[in-house]
Amino acid sequence: MPGVVAAPRPTAAMELPVEPQSLKKLSFKSLKRALDLFSPIHGHYSPSDPESKRIRISYKVQAEFGSVANLSGQQAREQNNPGGLGKGDQASTATALALPGSQEAKASQNDGNQNAIVPAPTMLPKGPEIGTASRNTGTVLSGTDRYQSTSALMERIPSRWPRPTWHPPWKNYRVISGHLGWVRSIAFDPSNSWFCTGSADRTIKIWDVASGRLKLTLTGHIEQIRGLAVSQRHTYLFSAGDDKQVKCWDLEQNKVIRSYHGHLSGVYCLALHPTIDVLLTGGRDSVCRVWDIRTKAMVMALSGHDNTVCSVFARPTDPQVVTGSHDTTIKFWDLVAGKTMTTLTHHKKSVRAMALHPKERAFASASADNIKKFNLPKGEFLHNMLSQQRTIINSMAVNEEGVLATAGDNGSLWFWDWKSGYNFQQAQTIVQPGSLDSEACIYALSYDISGSRLVTCEADKTIKMWKEDRSATPETHPLNFKPPKEFRRY
């Protein structure tokens, strides 16, 4: 019909409008779909895999009877009964063969050693097959039987963490006052007759080890003294401080005979090479400088850190120089080429302290996050100490008996067993009368040459001396050691 426009046909979208659905309704739909999908097998165990079961059993047999599994019957009888043993001897031999675990565990159990690291695990009797009904009762297996079967097939691995050696606790037996400022550094004489301390009062004081009396005061620095070292081959004392100066003192004349100029900022740490006449210093200019102690010349500058070099030690073999920095890294240096050999990035905070073990080829490093042990010469990470001191650790030292001492910024002095990383004592320093509680801070510590005395340098201007409590026994101070459940690889 002219002038009339036909109406459009309704589309499918117009015929079936989408109903808006709430999130709750969609969730219920999804739950219902999942229920319909899994409800037919709800409460049933998954079918057992015979191939995996066969592999597990063969592995268990190989682990227990690997030494006699491939022998014939005659050979097995000869091995179990060498030279015609009696019945009792045969029984003991069979018992020894049935011991699971490593050879060390068997030997330690036969010897009656109570401190074996790897005890022989106990095996549960084999339970019925998983996922099947019991033939006698016709009932489905309970959860206990199911787990018993699994534990019988699995080899139980005991903790292989070394048990700590018992050490007597340490006690404070002497407090020395004499400095007029924070005591920042310490070094012992190789003859073990005296030790020296550097302080924020700009002096170096030399003390008698046996009596604790002051023997000498050296003045010459114009800022606090942060590093001290005594030479083993010369009558020299080396000092470094915030005044950018590194000084060599002749202890026969008690005066400065050399000054080493080159640092652009304060010098924070100092170490002597054990075999050659070389001095190592690190400071706020992020460089570890190597000095020839005879000519006052700087041999080289080991640059590579991004922040203050605050700890350094030297070894007779490569890596001859190891430095720790506020940039959270530890660097091994090739002293011949003057280049970095390895960089360890395990720490998350400033590495303010490091300690080289006097006997083992290993060292420990400390930062606010953790205390870590590393192997030498490659620097493989060994393990963390089993506790966290949760403070800034300013200094650490280890003696030949394996007692590691760490000093915290909050006055905490913790003692650790080196081998296992177990913290066996947590001491707290006490400020001298007239000091603030906030001055309970330990800046430096060192063992004497024998390792039987520990000396701490503190912010309350005192020097404290510690020794082992000889009246303590394993019965009065027992070890409360629990091996770690998880082993961190970083």
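Positions of Cβ are set from backbone N, Cα and C atoms, glycine also.
Per TrEMBL, region 'Disordered' is recorded for 70-145. Residues annotated as compositional bias 'Polar residues' in TrEMBL: 70-82, 105-116, 133-145. Summarising the annotation, TrEMBL assigns repeat 'WD' to 176-217, 218-259, 260-301, 302-343.
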### Query
Same chain, outside the repeat 'WD' (302-343) by at least 6, Cβ under 8 Å from its Cβ: which residues?
268-275, 278, 280-284, 286-290, 349-356, 363, 365, 367, 374, 376-379
### Query
Can you name the far-off residues of the same chain, 6+ from the ends of the repeat 'WD' (176-217), with a Cβ under 8 Å from a Cβ of it?
223-230, 232, 237, 239, 241, 249, 254, 432, 443-450, 453, 455, 457-459, 461-465
### Stretch-averaged pLDDT - the repeat 'WD' (302-343)
96
### Query
Which residue counts does DSSP yield for the repeat 'WD' (176-217) in the helix, strand and coil classes, in that order?
0 helix, 24 strand, 18 coil
### Task
Mind tallying the repeat 'WD' (218-259) by DSSP state, helix then strand then coil?
0 helix, 24 strand, 18 coil
